[in-house]
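Comments concern the structure below.
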């Protein structure tokens with residue numbers, strides 16, 4: 001499969017680091033392989049600055065794309081925003097299968113009436129969205145990103161308001177996940193249209209199986225269970241922390257409090273946190289995660305020898321009804337305390 005240049009990858013994700021890493025990893029045998037590589041690069045190799053660069057590639061409502069952003073990426077953004085306007089009605093502005101990072105600019109419409117109706121709707125809907133997006137950007141430092149699928153502006157605005165109270169570190173992770181969804185959608189869309197693929201190369205015209213592979217792409221953007229570590233005593237990510245993920249496979253359905261559990265835990269994967277405090281991939285990217293009791297452990301004694309905790313283990317349960325959900329289990333650590341929560 002043909003190798004592509006950085007500009008073609010930048011047209012799908014506005015991070016220069018992402019584009020460079022994709023060039024190094026290419027060529028790819030299939031769209032599925034390319035998307036899997038893109039996820040790994042985005043979540044495990046692209047740093048904070050790369051994420052912010054990609055976020056900034058999305059123009060705000062009413063603004064033209066920055067001249068610093070690739071032309072192809074700008075055309076994608078313009079085309080998708082035009083589609084949003086073209087599907088607007090007097091009550092809602094429907095968003096197509098892409099990011100509502102900041103939608104609604106001058107667009108093409110088949111008739112003057114539909115154009116007028118779209119613009120009237122956008123003026124009303126966007127005024128409120130602009131206000132909230134300004135608040136969001138002031139708090140978090142980047143524009144609101146969400147991968148929308150046929151939702152109205154009212155629904156998208158509701159999501160913005162729901163996410164606004166998040167802590168910055170939590171919202172940063174969510175925005176990165178939304179950006180990856182957009183990257184995947186754009187690459188698969190291009191591949192399905194049999195154009196020059198940005199990520200996965202081109203689809204062959206003679207093999208129906210090539211098209212079948214696109215439908216088998218996992219809907220997840222990363223493994224079902226992820227983590228990161230923050231050193232709250234220093235106010236920065238904790239790099240170099242060894243992390244291990246296990247699942248309970250003992251004789252009892254679940255580990256019993258106060259009972260020995262030797263031999264009951266089976267390792268799923270291990271890694272070490274990078275400069276951003278994120279661990280590498282601890283398990284495979286699958287649509288459906290096995291329900292059960294999981295344990296994620298951190299070698300805190302090695303990271304902070306003078307601290308109170310030689311290691312920290314967090315045990316949690318994934319139920320059958322939750323097997324398609326994402327579980328982000330971070331550790332916020334200081335020498336004499338730690339806390340955790342379930343993120344998304």
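Note that Cβ sites are derived from N, Cα and C of the backbone, with glycine treated the same way.
What TrEMBL lists as domain 'Oxo-4-hydroxy-4-carboxy-5-ureidoimidazoline decarboxylase' is 9-89 (among others).
Summarising the annotation, TrEMBL assigns domain 'Oxo-4-hydroxy-4-carboxy-5-ureidoimidazoline decarboxylase' to 131-184 (among others). Confidence across the domain 'Oxo-4-hydroxy-4-carboxy-5-ureidoimidazoline decarboxylase' (131-184), taken as the mean pLDDT and rounded to a whole number, stands at 84.
Secondary structure by DSSP for the domain 'Transthyretin/hydroxyisourate hydrolase' (225-343): 7 helix, 49 strand, 63 coil. The domain 'Transthyretin/hydroxyisourate hydrolase' feature in TrEMBL is assigned to 225-343.
Taken from TrEMBL, the feature substrate binding site covers 228, 278, 341. Taking Cβ-Cβ distances under 8 Å and a sequence gap of 6 or more within the same chain, the neighbours of residue 278 (substrate binding site) are 43, 44, 226, 227, 228, 237.
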Record-listed substrate binders 228, 278, 341 have a maximum CA to CA distance, in Å, of 15
Long-range Cβ list for residue 341 (substrate binding site), cut-off under 8 Å, min separation 6+ in sequence, same chain only, gives 330
